[in-house]
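Report on the following structure.
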Amino acid sequence: MSFVGNCGTFTRGYKAMIMDVEFLYHLLYLLICALGLFVHEFFYSLLLFDLVYREETLLNVIKSVTRNGRSIILTAVLALILVYLFSIVGYLFFKDDFILEVDKLPNETLLPDRTEPGETMTGEFLYSDVCKAGSSENCSSIVPSDQLITEEMEEENKEHTCETLLMCIVTVLSHGLRSGGGVGDVLRKPSKEEPLFAARVIYDLLFFFMVIIIVLNLIFGVIIDTFADLRSEKQKKEEILKTTCFICGLERDKFDNKTVTFEEHIKEEHNMWHYLCFIVLVKVKDSTEYTGPESYVAEMIK
């Protein structure tokens with residue numbers, strides 16, 4: 001209420017109040033405070049974003065993404081189109097190469113429980129390292145059961161992630177964009193004797209150059225250039241405030257070799273806070289008591 005009253009929102013009407021961005025910002029933070037008070041304390045952590053709103057440097061970081069948002073979105077759409085095309089090629093020609101290691105959640109039902117009655121002999125027969133007498137196996141060449149279980153678990157932890165076109169798109173989009181060398185870093189390493197070895201090399205290189213190097217760097221370049229422009233604008237604004245009179249616009253070098261220095265001019269002759277005090281006086285003073293200059297200034301302010 002204090003913010004709304006100080007900004008004169010009540011005098012501008014309810015429509016202006018609803019369309020005011022700062023009013024909506026404070027209303028959102030009031031809602032977050034209510035959620036933290038009545039729902040859960042973790043909502044209070046969202047209030048830390050107020051640092052971004054108050055600090056101009058951090059706000060420029062956000063503006064570097066939002067100012068040229070259209071260019072970034074269009075470049076991202078181009079990246080999605082390329083990912084879609086590479087997914088189609090991978091689905092048609094390199095479906096068997098999409099083999100990725102996964103970390104499955106432990107499932108106790110996969111192996112028999114040796115503690116239950118009746119399962120002990122079965123477990124001993126399947127998982128014991130002892131060579132069974134009377135069997136036709138060669139005991140000298142038996143692979144230890146631990147090694148067999150390890151190999152089976154390694155095979156179970158690998159999945160084909162390109163059985164459908166949708167899964168190919170998800171795999172290329174998720175692993176391809178997050179890998180430094182593109183989708184070729186996560187796919188199966190082909191042998192040079194395979195007939196599609198050359199095609200696979202071209203596939204990996206094209207994805208690396210077109211998506212990783214060109215498209216992603218285009219997005220990064222737009223963000224970095226926008227941030228540099230915002231920083232230069234801020235520095236230029238600060239330089240103007242330091243070297244130019246806020247009232248008359250005269251620069252510091254115009255006062256060289258003059259009887260009045262630039263510091264005396266901006267502090268005595270054209271002190272901007274004196275002008276602000278005069279504007280406040282015009283606003284709070286009764287219009288029937290205006291002098292000639294005060295009436296003129298009040299009309300110009302309107």
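Every residue, even glycine, has its Cβ placed from backbone N, Cα and C.
Residues or ranges marked as domain 'Ion transport' in TrEMBL: 30-234.
Residues or ranges marked as transmembrane segment in TrEMBL: 27-52 (among others). Within its own chain, the transmembrane segment (27-52) is flanked in space by residues 58-59, 61-62, which lie at least six positions past its ends and keep a Cβ under 8 Å from the stretch.
The annotation transmembrane segment is assigned in TrEMBL to 72-94 (among others).
If you look up TrEMBL, you'll see 205-228 (among others) marked as transmembrane segment. Residues 60-61, 63-65, 67-68, 71-72, 75-76, 78-79, 82-83, 86, 172, 176-177, 180-184 of the same chain lie 6+ residues outside the transmembrane segment (205-228) yet bring a C-beta within less than 8 angstroms of a C-beta in it.
Model confidence over the domain 'Ion transport' (30-234) stands at 79, taken as the mean pLDDT rounded to a whole number.
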